[in-house]
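> Copied straight from TrEMBL:
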DOMAIN    93-137  domain 'Homeobox'
DNA_BIND  95-138  DNA-binding region
DOMAIN    140-341  domain 'TLC'
REGION    349-394  region 'Disordered'
COMPBIAS  367-381  compositional bias 'Polar residues'
COMPBIAS  385-394  compositional bias 'Gly residues'
Amino acid sequence: MAAAAAAALRAWFWNERFWLPHNVTWADLAGEPGPPGSGLQYPRAAHVLSAFPLALGIFAVRLLFERFIAKPCAINLGIQDSGPHRAQPNAILEKVFTSITKSPDGKRLEGLSKQLDWDVRKIQRWFRHRRNQDKPTTLTKFCESMWRFTFYLSIFFYGIRFLWTAPWFWDTRQCWYNYPFQPLTSRLYYYYILELAFYWSLMFSQFTDIKRKDFLIMFVHHLATIGLITFSYMNNMVRVGTLVLCLHDASDFLLEAAKLANYAKYQRLCDAFFMLFGVVFIVTRLGIYPFWILNTTLFESWELIGPYPSWWLFNGLLVTLQVLHVIWSYLIIRTASKALVRGKVSKDDRSDVESSSEEEDVTSNSTKGIFSTSSNGSNRLNGHVAGGQWTGEE
């Protein structure tokens, strides 16, 4: 019974009429596309399994990189491995913090003030310090950003070097000629699986990385990215997939560079990198992506191969991504405009460490530039924009 149910489920999931164009079967893609012994083959679902051990390897390399390369670089730049001010021990406040609330309201603050004979401001300060002491240091954040910067930069230039000699980079109609009977080259395979493995490594490391307020959003984002990469690989849309990957990698390393400059307190360099990131992001996501990528997936593919069920799903995901691009670009422009007009931007809503002005209602003009840096240098960006503030990489 169970075996029959599993077989029925497998047959339903791998339905050829969903995944493949008309008159194409999985059997057609099972053989070698080239002469015997050529080593060429078509993408197969089993290939994506190799991303898992590679993802673990990437995670291990990251740990070594952060310890032996990123950390010494941070120390040489004067970034110390020291956390924020620690709250003084207090059993009553600690019990409230761990069992009831980490941000008490006014009524509870008044009650604690009478119980401890402390000023309300002092109790607010204690809770702020207590929240901050669990946050990572600037050194930790620098090492994480340096790893991401190194990978994004490396994979972007690898992608450019690979695509420079690919015919579909210069003529996107090549993505659909003779589709899906397009052989998988070794360089294309490594590029695709490496990108997939990296996003799997982000899924793993998200549970050990800096805990951010947008944890769930980024978890869903990474899951959607993995799904889109895997989906496009299994139905051999890898040619256009490489264009999408490379286009999105073009701006990510610039944002990480801005964060590195922010942590090292090179404010002008930080602002310059952020502005460059904004320009590249908007040009690639609002210009190149719709007029180059969506044009070929929606119109050229319709003309050359025609629509079928997975074609609709693939394009639906890409159009949804474009909607996100518009939202993120609007928020980038809005933030940059405020920075130009007022000389500063609003504090990053996801900062790992709170500044003293937040809870004491003290207006401070000390934060200037694209990345506002409080006395502990904590404010940061991490990826793109969501909910009016900055969130993680695409």
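Any Cβ shown, glycine's included, is placed from N, Cα and C.
The model shown is predicted, which means the values in this text are computed figures rather than measured ones.
Can you tell me where each of these features sits in this structure?
Model confidence over the DNA-binding region (95-138) stands at 87, taken as the mean pLDDT rounded to a whole number.
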> Could you put numbers on the helix, strand and coil content of the domain 'Homeobox' (93-137), residue by residue per DSSP?
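Across the domain 'Homeobox' (93-137), the residues distribute as 31 helix, 0 strand, 14 coil.
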